[in-house]
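Undergrad: From TrEMBL, for reference:
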type	residues	note
BINDING	Gly333, Pro334, Asn335, Thr336, Gly337, Gly338, Lys339, Thr340	ATP binding site
COILED	521-598	coiled coil
DOMAIN	718-793	domain 'Smr'
Amino acid sequence: MINSKTLTKLQYADIMEQVSHFAVSSVAKTKVQKLRPFATYEEAQKALEEAKQAYSLFQYETSFDLSVDDVAEICSLARVGSCLSMGQLLQMMRTLRTARNLQTALFTDYGTDISLLQTRACALYVDKDLEEDIDFCILSEEEMNDKASEQLFAIRKKIKAINADIKQKLQSYTKNSELSKYLQDSIVTLRGDRYVIPVKQEYKGFVNGIVHDQSATGATLFVEPMAIVQLNNALREATLEEKAEIQRILQAFTDRISPVSQKIVVSEETISDIDVIFSKTKYALENKCTLPILNDSGFINLKKARHPLIDKRKVVPISVSLGKDYDIIVVTGPNTGGKTVTLKTIGLMCLLAMSGMFVPCGEDSVVSYFDDIFCDIGDEQSIEQNLSTFSGHITNLRDILNICKKGDLVLIDEVGAGTEPNEGTALALAVTEFLRKSGAKCVITTHYGKLKEYSLSTPRVENASMEFDLQTLAPTYKLIMGVPGSSNALAIASKLGMRKDVIDFARENVSDEKLAFERVLQNADKIRKQYEEQLDAVENERKLLQEEREKTKRLNGSLQNEREKLLQGSKKEAEKIVEKAKEQADEIIAEMKELLTGNEIADRDLFAARAKAKQLKNISFQQQDNDDEIIFTGDKLDFSKLKVGDTVYSNRLGVQVKVTDIKSPKRITVRCGSISTEVTADDLFYSVSEVNKKTARTYGGKSAPKTEINTRSINNEINVIGQTVDEAVSNVDAFIDQALLAGLNQIWIIHGMGTGRLRAGIHSYLRNNKNVLDFRLGKYGEGESGVTVVTLK
């Protein structure tokens, strides 16, 4: 269990407050605000796995019904038999509805593992009948549906009839010219749930009835005419019957809730727990956090960790490793250089991971679970601007040294500061050595040079420094591992214009050993910066090469798909032509047989048979398989002689094509069968139809087809059902190019319904395609959500 002092020093509660803003229900918000790091490594690991599954789920769906009321007290009332009000029943109904909706959502197949979330969802209590009955009967906190019961419907019908009779009777007073003069006005009102009319004081004897009230001035008496007394009595009785029936219905609902009230409480707790997990996920997405690799061996390897409370536009990421080659890091550098922020960042990354949260770090960052985390931070850079005193510093160190052990993390800011430098140095060395022997992992900041030397000569202790730019006299806030820092006091003073004689005198009073040590540090830092610049250049070059490699890979895949589609389209066209030719030949042969099978063959029959034979001879077509390779000369094509209608060979596509349009050597449109595409002149060679066959070089020992394939418009739909997202996107991309070449302005992509993952991937690609004007799901009769209709520019 992490001590509360550390949580306060590291401003853990401030981060939880930010996370709570992403929670939906007030119950979940309170839970987030009270969230603490888990007590065991196993609990933290499980919470991180839940966070991982939630993060994965949010790649497919982000809208979940999590609205819930705190119904624990209401359920307690139901258990002891207290009749629930309409407002309380509505709260129960909302909880039941949320439980049902959430359970349905979490058991939807999203194509990703959310088994831990589904296990939680099993605890949700679902009673659709009870939920819908309450929803139907209770209209609001004050109103019940007339049809809540047959008896209530009958009672309210009777009340309406009595009200109508009363109004009719009263109209004989308000609309009668003889009687209306006795009235103050014609408005009928209620006094004590009884209808009355306003009679002028001076005419009270002219209206036979019961006086129920008078106005503040006494000028008006509110009289219940005797003619409606019985009707008012009947109305009162009916109203009491209505209240009794409403109470009966409320009690019936209470009786249904009572035996399952504890299940509903568990359900409400589960909903709010899932809300907490999802609020962590939303926070992670908002702040570009990543899943940490958690261990319990004390190993930390943070990559580009960002303090979550510092403005995203200003925060400088740090990278730090601890626990593998060294157990203690001694950080040095100038004041306000970022040492304190570094301490807090390391501590917060551990606290967040131990709370089952993603961390604001680069991918694959490693964080350890610690039994406890101790810190002594003066907080001179905190919001409160409090300065720690030496006595407070010593008190904190005393408490830490008394209880820290192996498995703990200790963070100390300016160890030994606040006293005479020699004694402070000695104290800092002693504290650091004690911590080293305790086995705890430590990060310590200091200005003391002796501690730098100690770090260089002591096993499993490493130096680090906060980078400082001597040119701008400003800290860069970057943490540099393995290099002790310098205070740079004399250099800064000189840059700021301090007198040279003063600087020289100061240097004379600095020991030669210290000056030599500082020069070594400066030279080492200079070499480090040069190395980092070279390393950055190499890394940038590597990234460019990787991008080019990926681009080439995608292009090759696209070209292969395009070639296969062209060949498949050509083969289908060829098969149609062959089939048609066979049909024609069969018809001609049948006619010839009919002409030549008679007993006597007339001259005209012989002439007709010869004509049919000639017609049959003219039908010639050589079918070529999809696997056949095309005959071409190998000679490069002369672009200046190329013209529309030429038949050439495309080396890129591996097929014989026909030129249909020439814009430039880089943009030549060709067609294979019914499929058109664009190639360059460098890709084209002379085919056998353009040169003497005798000089042609044969590939595969087969000839190209002699018959020109008839063209038709490209098909305006593509079926990608059963393909992966990457395969489908690649095929759709090639298909859109072909559709644009064919002049189509609308295409249909058939992806099926399934889990929705394929549809989502295609829609994501379409949103970023500059050739797509708009797209939508299919309407009724078009395939609905299994089809996407795309409008091209």
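Note: Cβ is positioned from N, Cα and C throughout, glycine not excepted.
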Undergrad: For the domain 'Smr' (718-793), what's the mean pLDDT in this predicted model?
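TA: For the domain 'Smr' (718-793), the model's average pLDDT rounds to 85.
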Undergrad: Within 10 Å of the Cβ of Pro334 (ATP binding site), how many other Cβ atoms can be counted across all chains shown?
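TA: Here the count is 21.
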Undergrad: Give me the count of other Cβ atoms within 10 A of the Cβ belonging to Gly337 (ATP binding site).
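TA: Result for Gly337 (ATP binding site): 25 other Cβ atoms within 10 Å.
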Undergrad: Just to be sure I understand the packing, how many Cβ atoms besides its own are within 10 Å of the Cβ of Thr340 (ATP binding site)?
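TA: Looking across every protein chain shown, the total is 21.
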Undergrad: Hey, does DSSP put Gly333 (ATP binding site) in a helix, a strand, or just coil?
TA: coil
Undergrad: So which one is it: of the binding-site residues Gly333, Gly338, which has the fewest other Cβ atoms within 10 Å?
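TA: Output over binding-site residues Gly333, Gly338: least Cβ neighbours within 10 Å is Gly338.
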Undergrad: Enter the number of other CB atoms within 10 angstroms of the CB of Lys339 (ATP binding site).
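TA: 28, counting other Cβ atoms within 10 Å of Lys339 (ATP binding site).
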